[in-house]
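> Provided herewith is a single structure, encoded as structure tokens, for subsequent inquiry.
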Amino acid sequence: MLFALLAVLTASALASPLSLADTQLQARDAPCTGGVEGPFLETNFPDPSLTNVDGTWFSFATWNGKDFRGAESKNFTDWKRFESGKLLAIEEATWANANRMWAPDVMRRAHDGKYVMYFTADDKQKEGSQCIGAAISDKIHGLYHPVNDFVQCNRSSHGVIDPAWFKDTDGRQYIVYKAENPSGRLEIREVAHSGPKEGVQWIGNAVYLLKPRDQGFWDGQNMEAPYIFKRNGIYFLTYSTHWTNNETYDVQYATSKNIMGPYTRVKEPLVSSGKKFGCELAGPGGASFQRFGNANKLRMVFHALGPERRVQQRPFYTATVHVNGEKLEIKP
């Protein structure tokens, strides 16, 4: 997320070719219990997204600022990195710098079966500002080609980051994201839900959802990595607060009966630092969830800091989340 971006250039400098061991994301040590599994990746797989295509789970993650990483699993336990090389042709994005991008999210279009990747990248027109854009591929493994007329930048502030896609039960589609100013708030905006512009054409204006300190919470003056899913008529807006480089980072959530809010925040975080799940989680966050279905049990992926507590090393974890009315709980 935003603080993570500060480490992207460092991570890029340290990047090296993947070894055979690095391509297998199996939880060999699997110290976590109680509904959490992992770490699946000892090195780095932060800001993971989650989607299921024809029974296979896919996750995309931030990597070295110049491209993304992808992994897949048939059983949600044994994860393997994509064998393909480049995922996003960022040099084709006329609006973006090609060396600072992160937090990808991928969905499959109903219109033509193609895949859309949403992502954050540096704005060429305004130094220090970020935009969110989209790219399309015939295959989930890529290569994704940017759609240059689908961009949101908010150049009057410091931009927007962390896009995540959501499709409601009525077929309408939305992007939820973080607007850096004012107050680093969370916003949602509708996108086209049919035809050749499905997922890559904005509809209407952005709607404010939440901001740090809303409803008496502290949040460390930061709120990011939003995600929305729906169960039994309730919309769950999840997000991380504080900063991804330390143990204050967490996953919290709020609920509403309307996609546009208002959202009521839940007091207890869904997951935070500690040993609740049999392992020591430090700064868990950047979570994504199973989008579709009505089951009261769903899948979740997130990252946490590694043993050295370095932002360049944020391994990949999975969890099982149970829905009970307007409450979420991680358990087997």
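Just so you know, glycine gets a Cβ as well, placed from its N, Cα and C.
Bear in mind that TrEMBL entries carry predicted annotations, made automatically and left uncurated.
Just lifted these from TrEMBL, have a look:
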SIGNAL    1-15  signal peptide
ACT_SITE  Asp47  active site, proton acceptor
ACT_SITE  Glu224  active site, proton donor
> Within 10 angstroms of the C-beta of the residue listed as 'active site, proton donor', what count of other C-beta atoms is obtained when all protein chains are considered?
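Taking all protein chains shown, the residue listed as 'active site, proton donor' has 27 Cβ neighbours within 10 Å.
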> Round to a whole number and give the Cα-to-Cα distance in Å for the pair the residue listed as 'active site, proton acceptor' and Glu224 (active site, proton donor).
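So the alpha carbons of the residue listed as 'active site, proton acceptor' and Glu224 (active site, proton donor) sit roughly 11 Å from each other.
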> What is the Cβ neighbour count of the residue listed as 'active site, proton acceptor' at a 10 Å cut-off, with all protein chains included?
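Around the Cβ of the residue listed as 'active site, proton acceptor', 30 other Cβ atoms lie within 10 Å.
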